[in-house]
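What TrEMBL records for 182-257 is domain 'Wax synthase'. The annotation transmembrane segment is assigned in TrEMBL to 5-22, 28-46, 58-76, 145-166, 216-240, 246-265, 277-298.
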Amino acid sequence: MMHSLLILTAWIAQVLICFYYVRLLPNASIRCIWVLVPCVILTYLTTYDLPRRSMSSMLLGTYCWFASIRLIHWIVMSPNHYNTLIPYVRRLLWMFLPVVPCTEDYRKQWPIHNDFLMSALKIIINHWLYRWLLSCSGSDSYPRLLMFFTFAVTYTFFSDFVSGIIRLVTGDKYRHTTTINFPFLAHSLRDFWGRRYNQLVSSVFRESIFQPVRQCLSSATLASLIVFLVSGLLHVHLAWLAVHDLQVALAAMLFFVIHGVACVIEAHLPFRLPVLVSWFYTQIFLLATASLQIGVFVKAGSDFFSDNAPLFFDQKWIPKLPVPNFCPK
């Protein structure tokens, strides 16, 4: 407990020192050292003894990376981005409760009751898939990868519920940012990564990596590749936290390199595929490369799932679908 409090205090001190002192230094290289070195040390101290195979450990590691990326953006690359403390701290804490304005178009397209209906549907499917995956031995077959991905997508049921509550409390003026936006409808890899999957990560990376790098290098292509490179490094760290296996960590890096290159190729194609063909290619490409990123969790089987029960799994009032008596090969 004392260790955790000391680490939290050190992170708070780093945030304040960066704003009041480091941000004002005229030399960008010096600012980079003052931001990067403490953030690397604090990330290591925060995560080095976390439990393996734990989604909570990976989430905490992700928050450390988000904080570091934000500080590099605001202190090193754009020191005049925030000149007062409150907006700076508020935006840094946004990753814990990512609330955004609820536009008129959004209210028309997605009424409040849809948030609660989607949350209810997701939690039923999520718990059903969890019980099914828990009963199966480890395998990274394509059907099992698809099951796990659907399990991960429906894990966002709580953010849908929170969004509905926020909209009710604020009179439909604010909402929780969309975490997952129907990724199975993605008609291109750029659509998948930019609009469909994990929009919290996309928001942080777009604001604090893609936009400042594109402005600096005047190249959207290089900025996109750097985003995927940083995402790969993040997932290398998360894979290491999960299993302490270098081969698995390098596979995660390869996954994001492949997808980064594929997105750049997509952006420069001189023609457009028919929507149905593009959708089919996108889903096949995602499934074909998925084992590089999530295969380790699916192969772990019950060893992984028993340590990562979804929220409200033990609640008896939640309807439970019958689990099939077979496991997809």
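Glycine is no exception: its Cβ is also placed from the backbone N, Cα and C atoms.
Given the structure is predicted, the values throughout are model-derived calculations rather than measurements.
Between the transmembrane segment (145-166) and the transmembrane segment (246-265), fewer than three CB pairs separated by 6 or more residues in sequence fall under 8 Å, so the two stretches do not touch. Highest Cβ pair count under 8 Å relative to the transmembrane segment (28-46), across stretches 5-22, 58-76, 216-240, 246-265, 277-298: 58-76. Counting same-chain residues at least six beyond the ends of the transmembrane segment (58-76), those with a Cβ under 8 angstroms from any Cβ of the stretch are 11, 14-15, 18-19, 22-23, 28, 31-32, 34-36, 39-40, 42-43, 46-47, 50, 82, 88, 91-92, 95-96, 201, 204-205, 207-209, 212, 230, 234, 237-238, 241-242. Same-chain neighbours of the transmembrane segment (277-298): 133, 138-140, 142, 144-149, 152, 184-189, 191-192, 235, 239, 242-243, 245, 248, 251-252, 254-256, 258-259, 262, 304, counting only residues six or more beyond its ends whose CB sits under 8 Å from a CB of the stretch.
Mean model confidence of the domain 'Wax synthase' (182-257) amounts to 94 (pLDDT, 0 to 100 scale). Using DSSP to sort the residues of the domain 'Wax synthase' (182-257) gives these counts of helix, strand and coil: 66 helix, 0 strand, 10 coil.
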